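If you check TrEMBL, you get these features:
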- 82-185: domain 'Prepilin type IV endopeptidase peptidase' (DOMAIN)
- 6-25: transmembrane segment (TRANSMEM)
- 55-73: transmembrane segment (TRANSMEM)
- 104-121: transmembrane segment (TRANSMEM)
- 127-149: transmembrane segment (TRANSMEM)
- 169-192: transmembrane segment (TRANSMEM)
Amino acid sequence: MLEQFSYFSTFFMLFILTILLSKLCSELFQSQLASISAILEKPTLLFHSTAKREACLCLLFFAAYILTAPLAVDPFNLLILWIFVSFLIFISIMDLEQQIILDNVLYCFFFCGLFFSFFLPELFLNRLLAACSGGLLLLILAILTRGAIGGGDIKLLFVLGFWLGIDKLLFTLFFGFISGGFISILLLLSHLKKRHDTIAYGPYFALGAILSMFH
């Protein structure tokens with residue numbers, strides 16, 4: 001009975017945490033993007049989709065926290081894992097809604113990885129090499145495709161490489177391009193996207209990065 005109560009209390013506290021975090025992230029989302037609303041893909045959604053955004057964030061945070069919790073070896077490792085997942089979910093929602101990944105968010109994401117460097121599984125040199133390789137690869141693809149890959153995606157892959165290391169980044173790249181390409185084809189065939197429209201690859205790389213933790 002006591003053990004069941006403990007599980008219920010933990011579950012309830014986690015749910016409350018995700019609600020509070022979702023509201024905080026939604027407010028941060030609006031405050032960061034309000035100053036550049038003129039260049040946003042869908043500026044009207046910025047202040048008119050607050051409730052929907054909060055609900056999506058809450059659901060995704062809660063599901064991700066529950067699914068990734070078994071991967072942690074101790075509470076501190078769990079904190080690092082949840083910070084990593086939280087950034088990826090926030091970035092995904094931003095990219096899906098407004099087709100942009102803010103530099104400020106990526107800088108914070110990178111410096112968190114730098115701060116936790118000694119506690120990440122891969123060696124620093126391995127992660128640095130992954131960051132440079134991932135960023136350079138996306139930069140080359142952006143040049144070859146004449147802008148089909150955005151600057152935010154390039155920086156995101158650099159940061160992901162620094163967090164993940166070479167092996168997990170390769171999985172992230174493979175998953176991101178395959179899933180993103182598949183969805184893009186479906187959108188083109190259904191006429192929801194045109195040939196020259198940009199595709200938000202950030203969410204696919206983010207999902208690949210999360211799945212790589214199970215790899």
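Yeah, the Cβs are placed from backbone N, Cα and C, and that goes for glycine too.
What TrEMBL says about a protein is an automatic prediction, not a curated fact.
Beyond the ends of the transmembrane segment (104-121), by six or more residues, the same chain brings 32, 76-77, 80, 83-84, 87, 90-91, 94, 127, 152, 155-156, 158-159, 162-163, 165 to within a C-beta distance below 8 angstroms of the stretch. The average pLDDT the prediction assigns to the domain 'Prepilin type IV endopeptidase peptidase' (82-185) is 91.
In the domain 'Prepilin type IV endopeptidase peptidase' (82-185), helix, strand and coil residues by DSSP number 88 helix, 0 strand, 16 coil.
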